[in-house]
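Asker: Okay, here's the structure, questions in a sec.
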């Protein structure tokens, strides 16, 4: 597998550059499918039944290919253009957006995300939950003026609600991270029509925070909530960083995750979508419950019958890496730039 890592990273970099530099529909479709195919070795990199199951649960190119080709063919017949910025039909834009929702993993196309992340390593999950979503996000950014807000808000509300609901009784941490990713992407995309720059900010902060969470979980070697009970004794600093990243994902102030949610609610209210903002806030309470449950098990409770003396069989205290520390500092970013971003989003609305 280490032999193929440079190839995978190079291919992902090339596809990202295509998304950033091209607006042609065919090139963006090729980059979209290539980025999907190149991540499959990261999913099935272990001879383990769970990795094989994760590989099978990953959505391949079939349904997304049919929806994208269908909408783009109709657009070429009606307009004769091949650029994504030349798409003028809102119905065709909505069909393309639904195809991209399969790639992102929003409701009702979310079933593959928890099972796939459960069979992957935390490091490989970072690529699937962050880098893989960048291409579809760029395409949605370019199509944002024509996206149907009713469809977008319905998908976002369902994603935030169902992801929080499924996480209430979940004990596997990787599945909880996957459900958290679904809810976070719902908050990221609900405002893309009215404030695309706010979507970019939300995705940037989400990528940093989710990467910190996955790296700390890999450092702690925990797979379930019960295993978190011993994490603070083994690695107190790493457990503290995990707590910070979880609270940031939940959107509690003054951590970085509060900033995009605050600005999103403010922008939705300014656009008159008060009920959408209210429903998203109520749905976020479900996610807040399992974030606080993870925090409670990792840093706010100790297992019973804790010995007061150090024994030889105890593992040494683990040290955190520079990467985790750097990402945690970024996740600790306060809301000092809130006024500036609020001014930017207000100018966009005008």
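For all residues, glycine too, the Cβ spot is worked out from N, Cα and C.
Sharing the features that TrEMBL gives for it:
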- 22-287: domain 'NADH:quinone oxidoreductase/Mrp antiporter transmembrane' (DOMAIN)
- 65-85: transmembrane segment (TRANSMEM)
- 91-113: transmembrane segment (TRANSMEM)
- 149-168: transmembrane segment (TRANSMEM)
- 198-217: transmembrane segment (TRANSMEM)
- 237-260: transmembrane segment (TRANSMEM)
- 272-292: transmembrane segment (TRANSMEM)
- 288-341: domain 'NADH dehydrogenase subunit 2 C-terminal' (DOMAIN)
- 322-344: transmembrane segment (TRANSMEM)
Asker: Which sequence positions outside the transmembrane segment (65-85), separated from its termini by at least 6 residues, show Cβ-Cβ distances below 8 Å to it?
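Answerer: Distant contacts of the transmembrane segment (65-85): 23-26, 28-29, 32-33, 92-93, 95-96, 98-99, 102, 139, 142-143.
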Asker: Taking a Cβ cut-off under 8 Å, which residues six or more beyond the ends of the transmembrane segment (149-168) line up next to it in the same chain?
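Answerer: For the transmembrane segment (149-168), the nonlocal Cβ contacts are 94, 97-98, 101, 106-108, 110, 114, 175-176, 179-180, 182-183, 185-187, 189-190, 192-194, 273, 276, 279-280, 283-287, 289-290.
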Asker: So what's near the transmembrane segment (272-292) in sequence-distant terms, Cβ-Cβ under 8 Å and 6+ beyond its ends?
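Answerer: Apart from its flanks, the transmembrane segment (272-292) reaches 149, 153, 156-157, 160-161, 163-165, 167-168, 170, 176, 179-180, 183, 186-187, 190, 246-247, 249-252, 261, 264-265.
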